[in-house]
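TrEMBL annotations:
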type	residues	note
DOMAIN	B:69-274	domain 'ABC transmembrane type-1'
TRANSMEM	B:12-39	transmembrane segment
TRANSMEM	B:75-95	transmembrane segment
TRANSMEM	B:102-118	transmembrane segment
TRANSMEM	B:124-143	transmembrane segment
TRANSMEM	B:155-174	transmembrane segment
TRANSMEM	B:210-231	transmembrane segment
TRANSMEM	B:251-274	transmembrane segment
Amino acid sequence: MDDTKRYERLRERFQNGDISRRNFFGLLGAAGAAYGLQMPFARQAFAQSDVSQVRFDGWGGVVSEAFRKFAFDPYTEKTGITVVDGTFPGGDEYLALVRASQPGEYNIAHLSGVFDYARYASFDLTSELNVANIPNMANVMPALMDAFKSITPDSLSAAPYDYGTTGLAYNRKFIFDEEMKEKGAKILIDEKYKGKIGGWGDWRTRMWYAALQTGQDPNNIQDTEAAWEAVRKHRDLALKYWASGAELMSLLAEEEIHVTEGWSGRIFALQEQGHDIGYYDPPNGFGWQECLFVLRGSPMSACEELLNFMLDKETSIAVAEGQNYPPALDPTKVDLGDKIPTLPAFDPTGTLSGLTFANPAYWNGNEAEWSKEFGRVQRGY
Amino acid sequence: MSIEQREARQPWILLTPALTAIVLLLIVPLMFIIVYSFWLKSAAGADTPGFFLDNWQEALTDPFYRDILLNTLKIAAVTTVACALLGYPAAYFIARSKGNRLVLLVLLMLPFWISYIIRTMSWINILGVSGALNSAMIWIGVIDEPIQMLYNETTVILGLVHFLLPFMVLNIFVSLEGIDTNLEDAANSLGATRWQGFLQVTLPLSLPGLAAGGLLCFVLAAGTYITPVILGGPRDAMFANLVYEAIIRQLNWPLGSALSLMLLVVLGVLVLIYNRYLGMAQLAKGLG
């Protein structure tokens, strides 16, 4: 019996004189109070069966626009489930938000790197996907899947979605391609460009590039003091540490800076807009893969359905073309069309053997010390 | 219950919603922060609950935090002085204008209708290499190449002054409006020049408003973190940025809690000193 029927019966009894006015209003009040009390808890209890919306958080800008246009709106049209999308400027900020939230408040995140997957696992924020409900996962490159399986061998909490690089972006009006290739990562500590250099204010990227500038393996930095010295040198020459993809694009487009490291997809977007910005991946450039991570306490069926929808060949290619990051789909299995093979970092072999990814154990192991040290170095120490 | 008892209870009944909100939204979270400041961050995973003094020891003895705190107080002080110097003439003009005072006050309040972040970012379009100022100077022929004006401590202070100036003007305006203009006329009739009348009569009487505006500007400037992020260079940071970085970037909530309490204590002491000598009534008047 639904609530409307219950109310009609009660009103009938009141009108027939079976119950007094006082009791009628008392019962109505009690029903209202009971409804109000059960709502917050019921939301979680019914989360698995009665889902009307899923929350998705991503990097904002052109990336989120592509998700909205090519994935979320068609998904809502097909299923009736609304996708509420939020944005974050960086993975650290988002992790802090998730840690302060209740399970189920945040559902799916567009996380970066295997080290993020490992961090979420260490904070017990993982979920358990039923891969059988995501048949399109079969088209994903095994190399991307294996990275996650090495962290959570018995279960999977995320679907790989795209990949890219953090390479060197430069204004070709001021820096020629030959000079960029010759200097590589060291161009970011070249006195010649003092005041026209930018950089992401992210400790991992700063240390990764410091390793390249000091001729070290980014996944095994032996001389950390030399690396910090390179970070200091870059800090003294830089005009600005950018904090988001939008700021990166603005600084380059407005010619505030002439060279910085940048995200491959964002730089491609600038090139598409007509800006003469070059992009160069130096040897051992920072490669990364992004995933759609389902957080603990999320409505799994709806999330799995959304993941499957997003991994569908048509959706995945449309999103990739909008974001300018190659999709996680295996190019040896799926025809990715004309544009994707032209995107920076695209690997036609599907093995990604040409890219250098951050070793999650190494970088997460140094996170506490290096993130703190970077805060000091950044301020002049 | 007697009438006296009922009357005695009435203020407390009326205050209950406000007190409940203060306890739940301010006191309880503050207690959480205090407790958190004695926990320890684990290398990975959950923090370690307990009573550890490590965070406090680090916050109080590390010169890094002391230097940034002193720099923050310096920036806040410079901002406050700039606001006072720019705000006093504006407030005086509004207080002494007759027909268009309402229009001027509405104009003063207009910036509050736009987000603080948007207002701060607007400086990028004004002072940037391709911004309005550089474009205008190149067009006029004053310069050939754009000048790099953004992303330094000066632009941080500029952004803060832009944000805080209305607070200063409002406080001084309230104070000036309460001064009987006949006092200046009396000073003039006794032989004082207009400038002497202002210096010896109006300015001293308006000092409580100036002090209230100064306190507000100082406290708000010292607690900001957005302005250095948007308008500052790599080195520019204020103490709130360290709190943000400890909590958000380093996920070190215990240390971030200790740092935020440290800033709270420093600014709290300033408010107490102000209250001791000037009282909070003027501040309430300015805010009202």
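Here, residue 1 is simply the first one shown, and the rest follow in order.
Backbone N, Cα and C atoms are what each Cβ position is placed from, and that goes for glycine too.
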**Message:** For the transmembrane segment (B:75-95), I need the partner stretch with the highest count of C-beta pairs below 8 angstroms, choosing only from B:12-39, B:102-118, B:155-174, B:210-231.
**Reply:** B:155-174
**Prompt:** Under an 8 Å Cβ to Cβ limit, what residues of the same chain, 6 or more beyond the ends of the transmembrane segment (B:251-274), are close to it?
**Reply:** 33-34, 36-41, 47, 52, 55-56, 58-60, 65, 69, 72-73, 211, 215, 218-219, 222-223, 239-240, 242-244, 280, 283
**Request:** Using a Cβ-Cβ cut-off of under 8 Å, list the residues of the same chain that are 6+ residues beyond the ends of the transmembrane segment (B:155-174) and lie near it.
**Result:** 75-76, 78-80, 82-84, 86-88, 90-92, 94-95, 105, 108-109, 111-112, 116, 119-120, 123, 127, 149, 206, 209-210, 212-214, 216-217, 220-221, 224, 227-228, 230-232, 236, 238, 282-283, 285-286
**Item:** Long-range environment of the transmembrane segment (B:12-39) - Cβ separation under 8 angstroms, sequence gap at least 6
**Value:** 47-53, 55-56, 253-254, 257-258, 260-261
